[in-house]
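Trainee: Swiss-Prot feature annotations, pasted as is:
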REGION    1-47  region 'Disordered'
COMPBIAS  7-28  compositional bias 'Basic residues'
COMPBIAS  29-39  compositional bias 'Low complexity'
BINDING   Cys258, Cys325, Cys332, Cys335  Zn(2+) binding site
REGION    1344-1374  region 'Disordered'
COMPBIAS  1362-1374  compositional bias 'Low complexity'
Amino acid sequence: MTSTSPKSRKPSTKTTKSKSKSKSKSKAAKAAAAGASPALARTPPQFRNRVIDKKALKQLVAWAYKTHGTAVTASMADNLKDLGFRYATQAAVSISVEDLKVPEAKQDLLGQAEAQITATEECYRLGEITEVERHTKVIDTWTETNERLVDAVKKNFNQNDPLNSVWMMANSGARGNMSQVRQLVGMRGLMANPQGEIIDLPIRTNFREGLTVTEYVISSYGARKGLVDTALRTADSGYLTRRLVDVAQDVIVREDDCGTTRGIIVKAEDGGFGSRLVGRLTAEQVVNVDGEILAERNTEIDPPLSKRFEKAAITEVMVRSPLTCEANRSVCRKCYGWALAHNELADLGEAVGIIAAQSIGEPGTQLTMRTFHTGGVSTAETGVVRSTVAGTVEFGPKARVRGYRTPHGLEAQQSEVDFTLTVKPSGKGRAQRIDITTGSLLFVSDGQEIEADVTVVQIAAVAVKKSVEKATKDVICDLAGQVRYEQVIQPREVKDRQGNITLKAQRLGRLWVLAGDVYNLPPNAEPVVQGNVKVERGQVLAEASQASEFGGEVRLRDSIGDSREVQIVTTSMTMKDFKLLGESTHSGELWHLEAKDGTRYRLNTIPGSKIGNGEVVAELADDRFRTQTGGLVRFAPGLAIKKARSAKNGFEVNKGGTLLWIPQETHEINKDISLLMIEDGQWIEAGTEVVKDIFSQTAGIVTVTQKNDILREIIVRSGSFHLCTETKALERFTGDGQIVNPGETIAKGINSEAMVFVQTVDTPEGTGLLLRPMEEYTIPNEAQLPELTHVKQPKGPHLGIKATQRLAFKDGELIKSVEGVELLKTQLILETFDTTPQMTVDVEAVRDKRAKTIERLRLVILESILVRRDTISDSSHGSTHTELQIEDGQSVKASDVVATTQILCKQEGIAQLPVVQEGDPVRRLIVERDEDTITVTTNGSPLVEVGQRLVDGDSLAKDEPSSCCGEVEEVDGKAITLRLGRPYMVSPDSVLHVRDGDLVQRGDGLALLVFERQKTGDIVQGLPRIEELLEARRPRESAVLCKKPGTVEIKQGEDDESITVTVIEADDAIGEYPILLGRNVMVSNGQQVHAGELLTDGPINPHELLDCFFEDLRGRKPLMDAAQEAIAKLQHRLVTEVQNVYKSQGVSIDDKHIEVIVRQMTSKVRIEDAGDTTLLPGELIELRQVEDTNQAMAITGGAPSEFTPVLLGITKASLNTDSFISAASFQETTRVLTEAAIEGKSDWLRGLKENVIIGRLIPAGTGFSGFQEELRAEAGPHPDILAEDPAGYRRMQNLRPDYTVDMPAAPAASSTAVLADPSDADLEATRSRHGIDPAASNFAAFVRPTGENELEEEQLPDPSALEGLQQEGLLTEE
């Protein structure tokens, strides 16, 4: 489509009105009529005969807009819409089941895939490939089949039914895409399980044919994952956008041109060359090969110019970029380039930061959280080269190859360098030359004779080593039998830091499992048969016995169901002096023990339960120590307690004595004080209502406790009250009070007959003494214990009962209660003197032997033995038969056998015992049955020996292949006996779970295959990857990076495990990089490496990368240049990485958006040494600010500051902005504001957020001119002069703050370059240009300050000059 000059953009005024009414006109004619612009009038309408699909329609509208402006485009789009609807109505495009046509080729393709997979399974069965290689091959086969099926679908529609509705919709871009059509008429393909692993059973059907139940369930996995992912993505994407907006909100286009000479280089090799140049400005002349200038510096690159560059074979162009813009704290128009909304240079005041943030954040929801790992390399990446001639392969002298096994288990060689391979023909003809790149796979060897059309090499698409990750897969045994290693494996023991030993295979080789019937033996079973002995069916193979630990009386439970429990009573004790009485109450059964004298003990347990050592069996039911109310406990001298293990059990009495009890009634109340019905200190009678609905139970003096008008407690203290004025007596009994003995004088005229407790109290009548009565409780020294009868076994644990007295309270403790409490409890406690802490005792009720009506309590210690049941033959244990060796009531000694279990043979054969370490028990044995061997008779003489292992197809005799896998057991003439088996391939470094000679059951794990799978960048993908890049996260196990350039040498450690990569640098210094275990070295000996290059695989730490670049450049360049170049390298890398993620998902974002964000992340440096500047070490400062400061130091001769560049993630960068208002509104508000207050920060309100928060107009869009006006107003009284004289204006703006001016000084806003004072010649030129009288010139007012910043007398402007200025109207009164 042609494009006219941009000048014809604005349509003529009559455009919009002249909308053609006639429907019969052609589309081109309509467009011409609608937009009769001068350009169209001059050029004949173009005729394009092609299908217009979505893409072409986009181009058409874009062309119309660019060439003819908005009105014409709108009109044309309207006409196109009418045209489209009209024909859509007539064509009646709809969709029905009939439209879904399945290609006939599908069955053939599926058949081919099935055949390939059968072959793969056969290879696996013969032990030629590992489980991992099988899985990879199956998945790759299905992936390839699916792709071929898609091609078949396209071909079928194109050839047989091009107007099919489904095909038209998908093809034109109206609705749907190929992947959906594929599922409708191709096959759904492979699905992932919830862990993200691919299930190697694909969905072969499509929605037209319908899914089977299994396929339906498998496909619902993916559906669920899709829904959940979408829900999570929305939130993550929103938060990413918020952080991006926050970091870039103050990036506004504030200048026309910053004047920088720097730029970034866009290279053709990075892809998308033309489209990446459009909308940029060139940073230097672009010259083609012949020296012709294609574009001058600062030329806007539009699509035609970018096409010219591509035609002229230009490979790189230096363009201006936000990354290199030198505008202070903003971006200039020329560095930013086109605003993509209207394809013209961005206007001043455009908020490009926010546009950038939204452009990156918005596609976030489209990115998948992570796609699935599809196994091997897809065929698209690699090119297979076949031989064109038959002949001999020659590698040539430069070739370096190493052995390699492909992911599908094929043996090949991998090239380590680039070289040329030649196939020399055996007859006449030209030799075939193939260029081999590093990493290509060769399927032929040097000197090999090959035929024509043989796969020679698989060329690696790009000579790049992909990073890999370790993964594991279990190898599960398919049959029971005995494990045999092949010698090749060379297993070795590896000890880790914890001292655990694992067995690892050193080489690729096979594990064999030779068939047999494996029996699992129960613990403590001993084999009865010897190795290599013939056994019959039903013969005992092993025997296990169960013995009693303590011995005692046997008690066989009545067969409850099928319980096989044998109980042995080890120790028992009957309480003969107590009757056991039970009674039923509403709360359950209550049991009592009644002694002969009638005392009763409450039983704490019930018969049939278990109790442990130290637990209470029974408690004395005794009311002698029960009080009426709460009160105060006092111990008389002599009463001693020892603290129990826990206070909740109370305190054990050591020595008896007297316990004193002072009763008082305590009501705990939480009610409003208004409900109180008595007053503090008042005397009340029993039954008085103290608070609404609460009555006192005793008479006495009331004490009320309240807090914040809420009643807490009401205490009633009973006793006799005496008013008293004697100060000495009152003082004596103040506080806690005192005990007074009988007959002792308390105060004048107050005596006591009994022992009392005296306290001073205040009442409404006055202060006096309260004599409180005391109760005495006598506690005996020891609790009385009735007679008990013991039965003690010689070896069994001892059983006893101990009586203890326990006090519930300590001396001086106040019990707040209205009801009474029990002060002393007498308890019977169980004692077992046994070593095992978990020993429990059974409580039983037994009939008395003499008096049958009476029940007694019996405590017994039981040993319980569970006897195995008989099992009829099961797959792993064989038949077992168990016999009891005892009878009910029999007495057995310790370690007597109670029961024996026999393991019986299921089928006759030869029994063998496994090889075990000395002292280890035998846990399994194997019987080799007749069905585990096969005898083959050969025609010729056998070529095999005993012990040799064969797989299908191996020769038994000449031209006689074997039909099964196994080990040769004997060769008798021409009869060969094979023991059947199954080989399993294990790869190097696999962990072996079994040793040579071990016995395994079906389903046991044999080994753990450790394999490397390529990370095709899809492990962390989509949003998480973008976030990782923009937050500059440090990866956990990052790659080792080269710090200085040089030549690589790889050294193996002594233990063959550790590797050290040494780099011999330019000045012969040696850099050593120890490589951790399990890391892949990405370089080879003699290779030249650069700073920041990967030495091992793994994710790159961006911070470390920046350090590598900077340290390398610092030695060769000035500090400032080194920092700028290091930052530029990192910026390029970050932009590329972010773009790669978006491109992989098919999202296109213009580079400049990412550049704006990356610029914010890399704008700061950390001060290391401040020199003579006012900066602080460790401070984060803008690079440009440091540059200005160091320039000033260079002028004054001070020492400049030293610094290192830093990379900040978007969150950190947002929190480190100059504006504390913006930072505080983002995160960690308190911390940001506190720090700002402590440092006394000022916020210059440069960004959008700060102004919105304060409530000002934002300095962007239309508000930008207002912002500029402010600057100009500050700049001086002559805005017209400044506008006409930009040099003068810039000088005014750039005056340093320590100039004194008789008007507000301009802030250094647009540039921080320090300019000299205006020279006399400059001033003269400006005055004469504007016809200003020198006496009245505003420049006369500029003067230099002194050190004290005060103007000296003679420096003051001449008063007459000022007067002249006022008269001219150039200076106001102010």
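Numbers here mean position along the shown chain, with the first residue as 1.
Cβ atoms here come from the backbone N, Cα and C positions, even for glycine.
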Trainee: Starting from the Cβ centroid of Cys258, Cys325, Cys332, Cys335, the recorded Zn(2+) site, name every other residue in that chain with its Cβ within 8 Å, sequence order please.
Mentor: Glu255, Asp257, Thr260, Arg320, Pro322, Thr324, Glu326, Ala327, Val331, Arg333, Lys334, Tyr336
Trainee: List every residue in the same chain as Cys325 (Zn(2+) binding site), at least 6 positions away in sequence, whose Cβ is under 8 Å from its Cβ.
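Mentor: Cys258, Thr260, Val331, Cys332, Cys335, Tyr336, Arg1159 - these are the non-local Cβ neighbours of Cys325 (Zn(2+) binding site), listed in sequence order.
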Trainee: Can you tell which of Cys258, Cys332, Cys335 has the most other C-beta atoms within 10 Å, given these are the binding-site residues?
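Mentor: Comparing the binding-site residues Cys258, Cys332, Cys335, the most crowded Cβ belongs to Cys335.
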Trainee: Work out the three-state DSSP category of Cys258 (Zn(2+) binding site).
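Mentor: Reduced to three states, the DSSP call for Cys258 (Zn(2+) binding site) is coil.
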Trainee: Is Cys325 (Zn(2+) binding site) helix, strand or coil when read with DSSP?
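Mentor: DSSP assigns Cys325 (Zn(2+) binding site) to coil.
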Trainee: What kind of secondary structure is Cys335 (Zn(2+) binding site) part of, going by DSSP in three states?
Mentor: helix
